[in-house]
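Here the structure comes first, spelled out in structure tokens, and everything after it is commentary.
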């Protein structure tokens, strides 16, 4: 595993032409953007966790049957500070750093006060977000970074707190049909309250303010009080339907008091996360039309969910699908020491991801008996059992096991759907196959090759697609065989037939998430200037 994890990767800022085998569909024109950790040591210092590594962006530009690759480290404030010091000086979630290691314990005691609610990293290594005509890289803190999607150059730093009162936010926003961005973040002990804040960023600024960023018009849709003031739930994603938002307040909690003293105790913020297996998972349903949570209290068994797949409404019920774990041990698997050792013969520490379908009634039958199942759908065996005090216990349908980083045809988001595209994990958290799961027939299609490690498969629909799986899948493949070059894999999403490969002679890294930008959706000339440039231009205009 050493070749895949822990070794720093070289960036390739100038485009490299790939060697294409097979035939790329003529209609496929655009850029696949990917994001993930690429640097794990700085000078003599090392990160503890794979998710801490410095963000390395890379892209595959597909045009007229040719493919060009490039990669570039995100020039975040975190990156720049580390490079200047030639060591890790900015803390990440699994690695606590000390800017001045010569300080004694008393000096650290005074310094730690500024880390009580810390100014988190802007090392945005998880995903990309489209906001209006702009593109940002994201992580789970209050910072995002604008980038140039064509060159991967780093542009302005954006602090969500300028627009909405949150300390943390997901790296998995949703988009509605108008292009508006929906996301959720945590506000920690703000005015004596800790809450989860659902917010919307419009696709464009109002006509009278076209030169301004849509971020300046962010609005709060709803706030959900945390069940614990000092132990809010950790969450990585959420679900949306046409009319509702699904948020899981799971018993994987961040202890704020421990976080406040982590710096002085010399431990990472990750050590402040604890799974409480004696607690419940609470299911919050928010009506987007009113901005208010549904009053019924839904809950299920303790679990940890990183990725929602889809959610939709059907005959008075809301159904949502997630990849669930029995505990939080997945996070521990990605400590670099564990990754370097491998997992063969030690499968007991590898949790099993399970695709679960939940169903909740949107209209409660007040006359229903205690213990009765409120779900009458023929399409699922998921149950919602009425309890005393109008609480409802939700029992999921177990669809399948062994898949992660799920993707769908996003045109079917919020709708009843059939196919999940993901990678397969067996006896290890590291993917070795790409799969397609048919929810209707419970069948699989798979692609795999020895020594090949795929990234999250990204679905791109064919023009004028008529069926849900009319399209192709794109996956960046890294090889653990030094004699085999990495490549972009292009699969027929319907049949899983291999259409083409684009080999690149570069030091490519395993990544996390990304998106595809069709040429028809993006024009470099349309990309708005950064907010900093806009503000400077406005200032100069005012002085003229």
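For all residues, glycine too, the Cβ spot is worked out from N, Cα and C.
Record check, TrEMBL: Fe cation site residues include 236, 307, 513, and the candidate from 172, 174, 412 also listed there is 172. Listed in sequence order, the residues 126, 127, 170, 171, 237, 306, 308, 405 complete the 8 Å Cβ shell around the Fe cation site centroid, once 172, 236, 307, 513 themselves are left out. For the binding-site residues given as 172, 236, 307, 513, the lowest number of other CB atoms within 10 Å of the residue's CB is seen at 236.
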